[in-house]
């Protein structure tokens with residue numbers, strides 16, 4: 001067994017997703033840790049952004065029993081004229097018990113986020129050990145930004161390695177270098193998001209500049225040349241769906257052999273969760289024209305001199 005301290009470390013998990021084949025090699029279990037330093041306008045997991053557990057209201061499941069109102073000690077829930085409910089998010093966000101959700105018999109009120117120990121998380125992950133062994137898969141830490149919570153992410157990676165579970169991480173890169181450096185020896189694979197090369201445009205889209213992100217990526221590629229890094233970009237309409245971005249990223253990645261690249265087309269999955277959290281989806285009804293992500297992929301690959309499967 002690993003250290004007692006590592007096994008008992010705790011953090012807030014909002015989902016454990018099994019049988020994933022898109023977030024690292026093989027069949028994987030993804031552990032989603034809550035909390036992120038970025039505020040991406042297109043985020044498909046808005047419940048991942050705040051670090052604390054949150055209550056969400058799904059009016060489609062509400063049966064109008066009002067047990068949630070009776071259970072709430074903060075008078076945070078009111079009934080609208082159409083029978084739906086409104087939540088005072090200022091009161092909900094400081095609530096420690098979320099009694100409204102526990103009282104709901106229909107899952108109209110649900111909780112995003114649950115405190116779990118490393119032992120509890122890995123007990124769930126290990127259930128699919130046979131699939132990992134046969135496919136070369138393992139556990140992927142995601143978020144949010146998993147390394148924002150080093151007090152749970154690092155013990156989880158160490159203990160997974162101790163239990164011979166292959167590990168990967170999805171990161172936005174906006175974390176202290178020392179944290180990423182400490183995590184790297186316990187990782188088999190890194191999925192590293194680069195959303196924009198221009199810092200001001202980056203700030204407009206996600207709330208912070210990109211200097212730390214690009215610095216961390218360069219250090220990771222340089223100091224850990226045997227660690228495979230897959231850079232990924234969600235291609236967002238009006239944000240990074242242009243050739244200028246693609247050429248700049250290709251130049252940045254030129255010369256590194258331990259890095260792959262994937263351009264991911266924009267999608268609208270997860271927009272309903274904004275309603276559940278009483279938030280507006282900032283992207284509206286925009287869509288990405290067919291072929292744009294493929295064009296970005298081609299430009300990045302050609303600029304950095306990568307050999308794609310099509311060229312072979």
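In case you wondered, yes, glycine gets a Cβ from its N, Cα and C as well.
In the shown protein chains, 21 other C-beta atoms lie within 10 A of the C-beta of residue 40 ([4Fe-4S] cluster 1 binding site). Here Swiss-Prot flags 36, 40, 43 as [4Fe-4S] cluster 1 binding site, drawing on sequence analysis.
The S-adenosyl-L-methionine binding site feature in Swiss-Prot is assigned to 42, 43, 44, 144, 193, 194, 195, 267; the stated evidence is similarity to another entry. When other Cβ atoms within 10 Å of the Cβ of residue 44 (S-adenosyl-L-methionine binding site) are tallied across all protein chains shown, the result is 15.
A C-beta separation below 8 Å, combined with a sequence spacing of at least six in one chain, links residue 104 ([4Fe-4S] cluster 2 binding site) to 67, 68, 110. Residues annotated as [4Fe-4S] cluster 2 binding site in Swiss-Prot: 62, 65, 68, 104.
For the recorded site, residue 95 ([4Fe-4S] cluster 3 binding site), the DSSP three-state label reads coil. Taking all protein chains in view, 18 other C-beta atoms sit within 10 angstroms of the C-beta of residue 95 ([4Fe-4S] cluster 3 binding site). Taken from Swiss-Prot, the feature [4Fe-4S] cluster 3 binding site applies to 72, 92, 95, 100.
Look at Swiss-Prot and you will find 22-309 tagged as domain 'Radical SAM core'.
The domain '4Fe-4S ferredoxin-type 1' annotation in Swiss-Prot covers 53-82. DSSP places the residues of the domain '4Fe-4S ferredoxin-type 1' (53-82) in helix, strand and coil in these numbers: 5 helix, 7 strand, 18 coil.
According to Swiss-Prot, the domain '4Fe-4S ferredoxin-type 2' annotation covers 83-115, on the basis of sequence analysis. Only residues 6 or more beyond the boundaries of the domain '4Fe-4S ferredoxin-type 2' (83-115), in the same chain, are considered here, and those with a CB under 8 A from a CB of the stretch are 10-14, 34, 47, 50, 52-59, 61-65, 67-77, 276-278.
Nearest to residue 36 ([4Fe-4S] cluster 1 binding site) in space, judged by Cα atoms and limited to the binding-site residues 62, 92, 95, 100, 193, is 193. Within the set of binding-site residues 40, 62, 95, 100, the entry lying nearest in space to residue 193 (S-adenosyl-L-methionine binding site) is 40 (CA atoms).
DSSP assigns residue 44 (S-adenosyl-L-methionine binding site) to coil, not to a helix or a strand. Within 10 Å of the C-beta of residue 193 (S-adenosyl-L-methionine binding site) there are 21 other C-beta atoms, taking all protein chains into account.
Taken together, the residues of the domain 'Radical SAM core' (22-309) have an average pLDDT of 96. The least crowded of the binding-site residues 43, 65, 72, judged by other CB atoms within 10 A of its own CB, is 65.
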